[in-house]
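Per TrEMBL, the feature domain 'Fibronectin type-III' maps to 49-147. The feature signal peptide is assigned by TrEMBL to 1-21. The transmembrane segment annotation in TrEMBL covers 153-174.
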Amino acid sequence: MDVELGYVNLLMVLFLLGCLANDDMSYNIKSSSKRPLLPNNAVSMVIDATERMTISQLETTPSSIAIQWNFLKIDFNGTHQETVVGYISMNTNGRFISDNLGDVVNEFEFKHLQPDTVYSICVEVITVNIAETVSHFKCVNMKTIPTIRTDSIVAIFIAFGYLGFMGIVGCAVWKHRIHNINRNRFDEEVIEDGSSVRWKDIEEHQKLNSIEESVDV
């Protein structure tokens, strides 16, 4: 009787230890900050794909971020089950998780974001092998651009308009100055040519007078 009771107690202890181990594993998976998108999806293995996946920022506005992701060295070695993207914002306490995007889509645009805000953008891929479910994930920080105010846009247009007007005025003044320089140069050349002609006439007149005087003598 005592032996049977001892076996029962031993089995109960082993069962409790197994439950605690499973609870600890489940808690670690669910509470892991490295899996912010699908923390409640139980997986057998979590793989940090920082060196195996690239996440590129395609376009950014004050209210949206478009991304693209590519796998470099990931050998899924199993059935692709799910791909999700999402973000977490510490500034606005925002959180978003997409639906399953499948294994064909590799671009996504997050909309309705806050301007000038940092978001932790994550991509998580879950594959199912024969004996285990594996999560491949990567997160990067991206920031939306600040909002451009209307008065700032007006000020920019005024500044560009002023610069354009000053450029036109400067060009006109420069052309007018070049015209005056060329005109003065032309007038000087005409005066010099006229002076040369007059001196030649005087010399010829003096020669004629000398010839007439010699003939009279």
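A Cβ is built for glycine as well, from the same backbone N, Cα and C atoms used for every other residue.
For the domain 'Fibronectin type-III' (49-147), the mean pLDDT of the prediction comes to 85. Here the transmembrane segment (153-174) has no Cβ contact under 8 Å with any residue of the same chain six or more residues outside its ends. Look at the domain 'Fibronectin type-III' (49-147): DSSP puts its residues at 0 helix, 58 strand, 41 coil.
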